[in-house]
Amino acid sequence: MTQMTSSDVPGMGRRQFMNLLTFGSVTGVALGSLYPVVKYFIPPRASGSGGGTSAKDELGNSVTASGWLANHSDGDRSLVQGLKGDPTYLIVEGDDAIGSYGINAICTHLGCVVPWNSGVNKFVCPCHGSQYNSTGKVVRGPAPLSLALANIAVENDNVFVSQWTETDFRTGEKPWWT
């Protein structure tokens, strides 16, 4: 086996070296300037130990259980910003508890936000009249499916929303939204 001597190895020319240096510099600057742009489009996430997203009120502040329960009574269903920024209903159960599930407020027919109508104890879609019972199960179309569910957890007085992957307790079937 023979070794190559330095005279046998072709050297890098000045032009090739400058091209390589220029390419490396431009690539480094481009990647460095791209980082804040990508970071801008990824929303900040406050998460609990269960991997959920912090529920936000209409002003974008994190929801605390004590503050929520002080302003909402038993049976109340009010909107917070949940998973992916979707409007999600928090349910107050009793005088001192937030329900273990939330209801996504997006109608399964055409995507309208469905308001809670406490007078008839239903969610009634203003767009085409779909109706859902107090748990979000569709009771009158044209909506084809029940409203999606989300897990709600309270940790250290902070309210977290996470993806519902269990069986849908309203239908006994696998959730359609997972």
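Backbone N, Cα and C atoms are what each Cβ position is placed from, and that goes for glycine too.
If you look up Swiss-Prot, you'll see C107, H109, C125, H128 marked as [2Fe-2S] cluster binding site, on the strength of sequence analysis. A coil conformation is recorded for H128 ([2Fe-2S] cluster binding site) in the three-state DSSP classification, outside any helix or strand.
Summarising the annotation, Swiss-Prot assigns disulfide bond to C112-C127.
Among the features that Swiss-Prot reports, domain 'Rieske' is placed at 68-161, with the record citing sequence analysis. Across the residues of the domain 'Rieske' (68-161), the predicted structure has a mean pLDDT of 87.
Listed by sequence, the residues of this chain that lie at least six past the ends of the transmembrane segment (20-42) yet keep a Cβ under 8 A from its Cβ atoms are 12. The transmembrane segment annotation in Swiss-Prot covers 20-42, and the record cites sequence analysis as its basis.
Fewest Cβ neighbours within 10 Å among the binding-site residues H109, H128: that distinction goes to H128.
In this structure, the CA atom of C107 ([2Fe-2S] cluster binding site) is 9 Å away from the CA atom of C127 (disulfide bond). If you take the Cα of H128 ([2Fe-2S] cluster binding site) and the Cα of C112 (disulfide bond), they are about 9 angstrom apart, rounded to a whole number.
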